[in-house]
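Swiss-Prot lists 1-176, 221-228, 278-296 with the feature topological domain 'Cytoplasmic', giving sequence analysis as the kind of evidence. Sequence annotations record features per position, and here Swiss-Prot assigns active site, phosphocysteine intermediate to 71 based on a curator's inference. Among the features that Swiss-Prot reports, phosphocysteine is placed at 71, with the record citing sequence analysis. The transmembrane segment annotation in Swiss-Prot covers 177-197, 200-220, 229-249, 257-277, 297-317. Taken from Swiss-Prot, the feature topological domain 'Periplasmic' applies to 250-256.
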């Protein structure tokens, strides 16, 4: 049987992965933009069918041979490793995100390019783990603990859970939240200092200065073909929000349009998370296939009305 070896690329992490080209398996890819070139190469070498997770939904878990993602360090990095599905990240992202504990080298590899995928011979069998020896010299009554011991063990377990929760929280803040905040701040600073922000602001001012313009902006952001690519990390919404806020401060945009502008630039929020969320909920294949386009269309249909409602409410706030 053909084996496919996948190694990490430049600056990548994890691996190498060795996949058996078992007939009937499928390649699911959840990536923004065009179909990655490594998907075509994997399909050519394995003979597996490639499934677009955004358009066609996720196949049954037993049918997934490998998952290809383009996550920069959020939840998507760990969703498939948590289910022990071989995962290829086209970005050079290591153990990161809320599910970082499930990202291990034997199931995850990142920074992969076409040249990192090769065909090898039969895989070397892994040595079987040695079974655990159990001590059966004691009776069951001798092995049971008393009430005081059980209370102590329960308290110790509770303290351990709370301590681990605090440690995971701090770890997530340091490794995920703070770096992302620094990235967005640096990006906004570069845009503002380079003069690109003024160019974008002048282009947005006609739209953001009138309710109908905000409705048009919401329709653009929530358009089903664009919203999955505008949503990741809410970076675009944050940048546009800063630029619009500056224009409001300068008096170029009326203050009472701040609330509808907030709804307009966030009309695409979470559209990129739909396949991941359905996977977390272990939804059926038919549910994913129908649910993804349904939510995208619903966001498109509800984006403009929410802007109008916000504009109506803002009339009572700013008087």
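Yeah, the Cβs are placed from backbone N, Cα and C, and that goes for glycine too.
Sequence-distant contacts of the topological domain 'Periplasmic' (250-256) (same chain, six or more residues past either end, CB-CB distance under 8 Å): 201, 205, 208-209, 244, 314-315, 317-318. Sequence-distant neighbours of the topological domain 'Cytoplasmic' (278-296) (same chain, 6+ residues past either end, Cβ-Cβ under 8 Å): 53-60, 75, 79-80, 224, 227-228, 271. With a cut-off of 8 Å between Cβ atoms, the residues of this chain six or more beyond the topological domain 'Cytoplasmic' (221-228) that come close are 32, 54, 237, 264-268, 271-272, 274, 293, 296-297, 299-300, 303.
In this model, the topological domain 'Cytoplasmic' (278-296) carries an average pLDDT of 79. Summarising the environment of the residue listed as 'active site, phosphocysteine intermediate', the number of other Cβ atoms within 10 Å of its Cβ, over all protein chains shown, is 23.
Within the topological domain 'Cytoplasmic' (221-228), the DSSP-based counts of helix, strand and coil residues read 3 helix, 0 strand, 5 coil. For the topological domain 'Cytoplasmic' (278-296), DSSP puts the residue distribution at 15 helix, 0 strand, 4 coil. Across the topological domain 'Periplasmic' (250-256), DSSP assigns 3 helix, 0 strand, 4 coil.
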